[in-house]
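> Residues or ranges marked as transmembrane segment by TrEMBL: 12-32. The domain 'Sulfotransferase' feature in TrEMBL is assigned to 121-388. TrEMBL lists Lys130 with the feature active site, for sulfotransferase activity. Annotation comment: TrEMBL describes Arg256, Ser264 as 3'-phosphoadenylyl sulfate binding site.
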Amino acid sequence: MPRRLSLIERFAVIYLSVYFGLVGLQHVAFLFSSSPWWHQPASNTLYDLRDKWKTQQSTIAKGKRDALRPVGKPQMTMMRSSIFSSASVASLKDFHRNTNKSFAFYNCSIPGHHYTFPQVPQFIIVGAQKSGTTALYEFLQEHPQIHGTSVPETHFFDWHYPKGRDERNDFLKKYHQLSLDTNSNLTSDEWQCALRKTYSDFFTSSDADSPGTNDNDIPRDTVFVEKTPSYLFLAETPARILETCFWKPKVIVLLRNPIDRAVSHYRMNIDVKGRTFESLLDEEMASFKSIGLSHAPSRKEFNETTSEHLGFKDVPVLTAEEQKKLHWKHYRKTFTTNFLQRGMYIVQLDHWLEHFALHESIHVIHHERFLSDPSTVYQEVLKFMDLPSFEPGYTQHNVAKYALKRPLSQHTRMYLAAFFRPYNQLLAKRLGPEWEGVWDPWEG
Ligand SMILES: Nc1ncnc2c1ncn2[C@@H]1O[C@H](COP(=O)(O)OS(=O)(=O)O)[C@@H](OP(=O)(O)O)[C@H]1O
């Protein structure tokens, strides 16, 4: 006859059941939370999201890294050396050459806090949205030296970057528990320290109250990478990166046929809008009328059988300024539906080329080539990153779940091809002959 449990034993059984039940739930929640960002809560929950994922993701990432690390490779302990303290490193290459390390720890202070954290990142995948950025990021994360972020996309430099006094104060309060007026109470060095520390936390598992104490196990050859595909689209991002990062990180861009990109973009949000792809296109085109594309034919006016490149021949390509204007006017409203604007790659890339040199600091990848020959493209990326060769498992990531109700009509496809044509031609001029006519149905 089994013995009846005492009150204390019963309490212990209930406590343990509840505890393990909650842990199980948390794991299930985490599995779902690693789904793409559009299934995540709104942007101002950044801090909650980060806290939730940080611990779990870093444990998983560490386990994965340890499993992938070649047998026999020593697990180096990062020494926090004072020679790196507050070092401002202009060139990542010089730093690497001089120290033989991939990154250093950084020390800085704001009122009430002294922080030590790794200088991140060395590489950023900035877009374009729906161009295979998730697949590339996942393949890179499999590399034993590469460490990603604790959330799938930080969106640090677009949604969360604090602009203006109120947002900066809110940022300090939320993350650094500081109730200060940044404009009057913080020096610019302190403000930069707060920015850098917050960003760096996306890459580490360090606790805000005891910064850096969990970072001892980061091998010194670690290369940090983040990906947020909307960065390419935002003209402000490069300057924000340069303000926050310790050096000019190298930038990776994937570009996909803008028509397929637009359809993929629509399929990502199909459940949200309940509108047809064509009606959203027409709406976006109408919004262009106010800023320079007033002569462009509408989809209904467009005649794909004429030879004069289909009515778009004399339509001016939007300048960066015009696109910026449009962007600010419509960005929030059309975030999920700016199919045309997001495919004007040349306008976006030009913002980056003002700050980052093509080939040396920006590596641009042809999405379709990545899809058909992932291994060659991946090895080229590793070469650009100056990392040893590695073969990940080449699988599909982030494939669209929703199908178009009706396949894209030939008329709409040709309308889009004609619309994007002048932008693609300018892009080829900037990137080189291998980009000529790649997405052009009238070529070859
Ligand atoms: N291995 C590989 N190589 C190239 N492309 C791939 C790969 N795996 C997935 N995909 C396709 O990439 C599309 C999603 O792109 P992103 O991950 O950049 O989307 S997102 O901006 O992060 O939401 C998405 O396209 P659609 O399926 O047409 O939507 C994926 O199918």
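Keep in mind that glycine also has a Cβ here, set from the backbone N, Cα and C atoms.
Keep in mind that TrEMBL annotations are predicted by a computer and have not been checked by a curator.
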> State the count of C-beta atoms found within 10 angstroms of the C-beta of Arg256 (3'-phosphoadenylyl sulfate binding site), not counting that atom itself.
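By my count, 25.
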> For the domain 'Sulfotransferase' (121-388), what's the model's average pLDDT?
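Reported value for the domain 'Sulfotransferase' (121-388) is a mean pLDDT of 84.
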> Can you tell me how far the Cα of Lys130 (active site, for sulfotransferase activity) sits from the Cα of Ser264 (3'-phosphoadenylyl sulfate binding site), in Å?
6
> Hey, which of the recorded positions Lys130, Ser264 is the loneliest by Cβ count within 10 Å?
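Comparing Cβ neighbours within 10 Å for the recorded positions Lys130, Ser264, Ser264 has the fewest.
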